[in-house]
Every structure is written in structure tokens, then in C-alpha cells.
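Heads up: the structure comes next, in C-alpha cells.
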Amino acid sequence: MPRFYIDEKTFWASLCSIEPCVNNGTCREHNDDITCTCASGFTGKRCEAKIIVNTTNEYVYSDEAKRIKLPGFLKRVQDAYYEYNRNALPWAPREEDDDFVERLKNRHLPYNATPAYLKAKTDGAFELLNEINSTVLDENKMTPREVKALEQVKHFLRTVFGSPFDENFYNGDWMLGPNHFCWQAICSIAFDIGAYAYYVKPKNFDDAEKMIEKILLNKQSITQYMANMQLGVKTGMVRSKFNCISGIDAFKQKFPKISADNDPNAVLSEWFVQGYIGAEFTKSFSKADRDKWVDRYNKTFMQSVNDDLIEGIGQPIVDLIKYMENEHLRHCLPRDVASGIAELPVQFIYVDGNATNNRTTRRLPITGEILDGKKSYKNILPYFTTSEITPERINEIGQQRLKALYPQIIAIAKNVTGKSNEAEAVTAFRKILTNQSSFYNDAPFPQIESNSTAHKRCTDLAKARKYCPER
């Protein structure tokens with residue numbers, strides 16, 4: 001036996017002596033590494049963190065978390081989120097002795113999509129991210145729950161408060177308009193509008209005037225979003241025509257009553273304004289204040305609410321839909337020019353599928369920085385992967401899978417069709433796959449129930465029964 005030979009048991013024992021477990025923890029080998037089984041009351045890689053038994057519902061932080069002031073940092077991140085997203089205040093956690101309704105009255109604002117505000121929000125998130133990334137800490141002295149919270153808050157800040165699209169100013173995707181799933185913040189304003197009326201109801205004349213102001217402020221949000229899309233045309237940040245149409249359809253589904261006939265008055269039938277027009281809304285509004293309202297504005301308070309819901313929400317939404325359908329769509333790109341954000345911005349403004357002689361700026365407003373769609377895609381990607389994988393690596397993996405799987409598909413096609421020629425086998429195999437026998441229904445759905453207008457007519461169960469009975 002060689003003099004330098006060490007048996008496995010001695011080897012792991014020596015490692016345990018070099019990095020011993022503390023607080024009576026037991027060191028052992030596990031998966032080619034040493035690990036500690038901690039005694040009761042201790043945790044951590046080397047059992048160095050004491051578990052503090054909590055007799056209340058309040059979480060007790062480890063000494064390391066307290067040292068780096070993690071509780072205060074998490075609170076500052078939460079406060080920053082609601083400061084930059086005041087439209088989300090109805091969902092903010094309530095604190096003891098906090099007049100929640102009064103806080104909503106004073107601080108709530110509709111969604112802000114101005115470039116300057118998006119930049120401030122992005123910079124605010126990245127400033128907090130840089131702060132926590134530069135903090136010297138020892139995760140081994142923190143509890144698993146704290147380490148998890150640490151990673152989550154970093155991910156939250158890296159994606160500008162957990163928003164994959166339209167919130168990172170430097171990505172420039174906030175100029176593209178709604179996407180296929182309408183994941184943009186503009187698509188959720190119905191929830192913001194409805195939630196505000198759920199909590200805040202006028203109790204006096206001053207409350208009533210402020211409520212009208214809040215309703216009308218929504219017009220700024222919607223018109224600003226349209227202005228951002230117009231800026232996108234000039235900048236070269238425009239979706240493909242296919243994606244533009246998908247985005248328009250998705251946006252219209254968020255406002256089905258209004259978009260059915262592009263009728264601004266139909267806002268009064270949308271679900272999210274029912275809190276404003278129901279009897280409960282004016283329950284605490286005195287008769288004296290109602291009479292005062294009529295004297296000052298020559299109409300009842302509820303007439304004012306209805307008129308301003310139409311002016312502040314209904315009409316701007318109709319204007320945005322008309323812009324997207326009648327004007328913006330003409331600037332959307334052929335699919336072979338840009339199928340995704342990585343190919344953006346384009347160098348020329350397009351009209352009806354053709355490039356014009358008008359060059360785009362390809363620059364961000366305010367900073368003047370050159371936009372780079374590949375960089376934007378790389379910034380968006382971590383939201384969906386929670387890893388450091390690059391777009392190049394994803395493409396490489398895709399090519400590897402294609403190279404591995406495509407020959408198998410060709411082999412199946414040749415085997416099923418009995419044809420040895422690859423092109424002939426593929427053509428014949430496609431016919432088999434698209435044949436009606438491959439589907440559950442015996443015959444195709446009627447064309448009227450499957451064309452581009454079907455989703456517009458069959459938006460709910462009642463309409464589906466009437467207009468799409470077969471489907």
C-alpha cells in the first residue's frame with residue numbers, strides 16, 4: 001500500500017476536523033461533501049446560527065440579518081415599490097393605526113407612463129439593487145428563509161420591481177404597445193380604477209370634488225401610453241404586424257364593453273366602474289352636499305360621475321384603440337424584418353409594410369442613449385429564467401435540440417408515409433397531421449366561428465351560445 005494512501009473514512013474525518021461543526025453539530029460526508037447535522041436549536045452550514053423560538057407572530061431575524069439591516073432594507077424596497085406605483089396602493093399592506101382610506105385619498109395616483117417617471121422608477125430600483133449587492137454579508141450565518149428573501153428581493157429589483165415588460169426605461173419596450181398577452185401595466189388599470197372606488201367613497205363636498213379629479217386623471221395615463229407608442233414609431237421600436245394585431249385584440253379584451261362598438265359611453269357597463277355608479281358609492285354623501293353640487297355644476301353628482309367616467313376613461317380608451325387600429329398598425333413591421341425585440345430598433349419608419357426614406361432616431365428620450373434590442377432582450381430574460389443564462393446560450397440549446405430531434409421527425413415521417421425521399425415524406429406527413437381525422441371533432445368548425453372576428457363576437461358565455469354554437 002502506498003505511504004500516501006488515506007482511506008475514505010479517515011479522509012472525511014480529516015475534513016471535518018478542518019471545518020468542524022459548532023454547537024454540538026455532527027459532521028458527516030454527504031454527496032462528496034461534508035455537511036453538519038445540527039443539534040436542536042441551531043441551523044446554518046456549520047450550525048453557527050441559533051434558532052430563536054418566537055412566541056409571537058412576528059419573525060425574529062438572525063444576528064447577521066440584523067447586522068446588515070435586512071429588515072429595514074426590505075421595508076425600504078416595499079415603500080419604494082408603492083411610491084413608484086401609486087396606482088397599486090389599494091393592495092398595499094396595512095399598518096397599525098394607519099388610516100388606509102385617508103392614505104389612498106392623499107397618495108393614490110393613476111398609472112404613470114411618462115418617460116421621465118419610468119426612468120426615475122428604473123433608477124430607483126437599480127440604486128436599491130446596487131446597495132444590496134455591495135453589502136458584505138455571510139449567508140451561512142443567516143436562516144434559509146432570509147437567504148431566500150435576499151435572492152427574491154434582488155430578482156425583484158433587477159426586473160424593476162418585478163415587471164418583465166414596459167417598466168425598465170432603458171429597454172425601450174415601453175414604446176411598443178401591448179403584447180400578445182397584454183401583460184403591460186396599462187392592461188391592468190381596470191383593477192386600479194375599480195379598487196379605488198371600493199375603498200374610497202365621498203363623505204362630503206370636498207371628497208366628491210377630489211373623486212372627480214381622480215377619475216379624470218386616468219385620461220393622462222391612457223393618452224400618455226398612446227404618446228409612448230407614437231414615440232416608438234419615430235424611435236424604431238415597433239412590433240411586427242402579427243404581434244401588433246395580437247396586442248390590439250388582447251387590449252380590447254380587457255375592455256370588452258367599450259371595444260365592442262368603440263363606444264365611450266359603454267364604460268358605464270364595464271365591471272370596474274360599478275363601484276362608482278352604485279347606490280353604495282353615495283351612501284354617506286349628504287343631501288345638503290348633493291344640493292350644493294347641483295347649484296355649482298348644474299347637474300347631480302352622479303351625472304358628473306357618469307360624464308367624467310366617459311371623459312376620463314371611456315373616450316381615451318376608444319381613442320387609443322382607434323389609434324392602434326387605424327394609424328399605428330400601418331407602421332407595424334413585416335415579420336421577416338423583426339419578429340422580436342432583438343431585431344429592434346429598425347432604421348426606417350415603415351408604412352403599410354414598406355420602409356420609407358424617413359430614418360428613425362434609434363435613441364432613448366431624455367438620455368439620448370442608443371437603443372439595443374439584443375441588450376433589452378437580455379435584460380428581460382432573467383425574469384423568466386431566474387438564472388444567468390444568456391440569449392446566446394438559449395439559442396445554442398435550441399439549435400442542439402433541433403439537430404437532435406429533427407432527424408427523428410424525418411425518420412418518423414418516412415416510416416409513416418412509406419416514402420424514402422425526405423421532401424416527399426415531409427409533405428405527405430403534414431397532410432396526415434392536418435387531416436380532419438387527426439382532430440376530435442368530425443368536421444371543421446364553421447368558418448364564421450373560426451375567423452378573425454369570432455373572438456370579438458364570442459366574448460362571453462351568452463354571446464358564445466348565440467354566435468358560436470358549434471364551437
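Cβ coordinates are placed from backbone N, Cα and C, and glycine is handled just like the others.
Lifted from TrEMBL, the feature list:
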- Cys38-Cys47: disulfide bond (DISULFID)
Going by DSSP, is Cys38 (disulfide bond) sitting in a helix, a strand, or coil?
coil
I want to verify one value. Collapsing DSSP to three states, which class is Cys47 (disulfide bond)?
coil
Run through the Cβ atoms and count how many others sit within 10 Å of the one on Cys47 (disulfide bond).
22
Cβ-Cβ distance under 8 Å to Cys38 (disulfide bond), same chain, at least six residues away:
Cys21, Asn23, Gly25, Gly44, Cys47
